[in-house]
Amino acid sequence: MDSEVSNGSGLGAEHITDLLVFGFLQSSGCTRQELEVLGRELPVQAYWEADLEDELQTDGSQASRSFNQGRIEPDSESQEEIIHNIARHLAQIGDEMDHNIQPTLVRQLAAQFMNGSLSEEDKRNCLAKALDEVKTAFPRDMENDKAMLIMTMLLAKKVASHAPSLLRDVFHTTVNFINQNLFSYVRNLVRNEMD
């Protein structure tokens, strides 16, 4: 996917997905230490909810701290907040779907990610195969793309929780998978929230 695609001005495609997956993992209780390291590697701002509680700016909005001091377009801060709120909401739904993922599936997926000889494409295929296995557990009343997005990020969370050293690889594979298969849905989700 072209990284220059964006939702009007603001964040590019991969940055939207970076923030969405990072926010989901953060809201889902992944280990803080690994997330802090990952957050520093992101080319966009990421912030910790716990660090920001009770910290307001003069205009009354919540403050945000940057792990990376890269240049951000002026209107992207509000877009980042919207993406973070979407991620938090999806994580809450994911908590309700969590029981649908069997521990054996998580262990198998973690073992596949530990295989150093697998290419990024092979890892995405392993993730797709795992998603096919849990597809029957998608809530019937939920839009398929939404369920697929949540389950993709939920699998990433469970693998990272099972083997924290895999967080970086699982994160990047998940972002790439979403950008290839679900980005139109993600873009529309962000656009709808911004309206």
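Note that Cβ sites are derived from N, Cα and C of the backbone, with glycine treated the same way.
Residues annotated as N-acetylmethionine in Swiss-Prot: Met1. Marked as region 'Disordered' by Swiss-Prot: 58-77. Marked as compositional bias 'Polar residues' by Swiss-Prot: 58-69. Taken from Swiss-Prot, the feature phosphoserine covers Ser78. The motif 'BH3' feature in Swiss-Prot is assigned to 87-100; the stated evidence is experimental evidence.
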- Query: How do the residues of the motif 'BH3' (87-100) split into helix, strand and coil according to DSSP?
  - Reply: 14 helix, 0 strand, 0 coil
- Ser78 (phosphoserine) CB neighbourhood, other CB atoms within 10 A: 12
